[in-house]
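*Asks:* This is the structure, below, for whatever I ask next.
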Amino acid sequence: MTKGVFITIEGPDGSGKTSVMELLKIYLYEKNIEYIATREPGGINISEQIRNVILDKENIAMDSRTEALLYAASRRQHMAERVIPALKNGKMVICDRFIDSSLAYQGYARGIGIDEVMNINEFAIDGYMPDLTLYLDIEPEIGLERICKNKQREVNRLDLEKLDFHKKVREGYYILLEKYPNRIKKINANKPIQIVFDEITKILSKKIGIDS
Ligand code: TMP
């Protein structure tokens, strides 16, 4: 059985990943492609429990390395229980955030170091890097404004970080774009969602061979 394709969606907070995920699900369904859609941190029970600890607004004492390790632990369980079995079954996996979030947020923005955070994550992912990563690019000011306007979204501990932190997150993603030019594709997310999604379908057609 051929291994399924692993696609991750990345971007700063408020970049529109959730809307893209919803359109992608409809698109893949219409193309008769077998897939699972999931998210990080979370996706399965144990990882959702870890998510609650990481994002709890009360946990202001959390050390940066503890945070990085918890994201990696949540990732490991999600890989073992959900992502790896689906890929082995030949299913496409689309995941809202993955290792690049840890590299940009903990590695770069928190200042732990991209290589250091990569090291602990290698243990968690065991060689399963994404085949394609769609990076939704947005100015942090616009992203944060979108979050504030979205009343359904619960504000979490990382949302409460200052603008400077969110600017560093974006800088971190830019470093990753240079480091992994074949895997990560940048999309301008400061456009109407249908235009953003059209660009995504073009990339899917070129990289994965899905007819647009
Ligand atoms: P979400 O709001 O996209 O669900 O993600 C929750 C927060 O967790 C978001 O601010 C990004 C952050 N995050 C990290 O800092 N490192 C990670 O490895 C992941 C997956 C998310």
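Cβ atoms here come from the backbone N, Cα and C positions, even for glycine.
So TrEMBL says this about it:
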{"type": "BINDING", "residues": "G11, P12, D13, G14, S15, G16, K17, T18", "note": "ATP binding site"}
{"type": "DOMAIN", "residues": "9-200", "note": "domain 'Thymidylate kinase-like'"}
*Asks:* Across the domain 'Thymidylate kinase-like' (9-200), what is the average pLDDT of the model, as a whole number?
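*Replies:* Value for the domain 'Thymidylate kinase-like' (9-200), mean pLDDT as a whole number: 96.
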*Asks:* With respect to ligand 1, which members of the binding-site residues P12, D13, G14, S15, G16 satisfy a Cβ distance under 6 angstroms to one of its atoms?
*Replies:* D13
*Asks:* What other residues of the same chain, not counting G11, P12, D13, G14, S15, G16, K17, T18, have a CB atom within 8 A of the CB centroid of the ATP site?
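*Replies:* Counting only non-site residues, the set is L136, I138, G143, R146, A189.
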*Asks:* If you count other CB atoms within 10 A of each CB, which of S15, T18 wins among these binding-site residues?
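*Replies:* Highest number of other Cβ atoms within 10 Å: S15.
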*Asks:* Which residues does G11 (ATP binding site) neighbour through Cβ under 8 Å, counting only same-chain ones at least six apart?
*Replies:* K17, Y135, L136, D137, I138, G143, Y173, A189
*Asks:* Would you please pick out, from the binding-site residues P12, G14, G16, the one with the fewest other Cβ atoms within 10 Å of its Cβ?
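*Replies:* Taking P12, G14, G16 as the binding-site residues, the minimal 10 Å Cβ count falls on G16.
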*Asks:* Within its own chain, what residues at least 6 apart in sequence put their Cβ under 8 Å from the Cβ of D13 (ATP binding site), listed in sequence order?
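*Replies:* Long-range Cβ contacts: G143, L144, I147, L158, D159, H166, V169.
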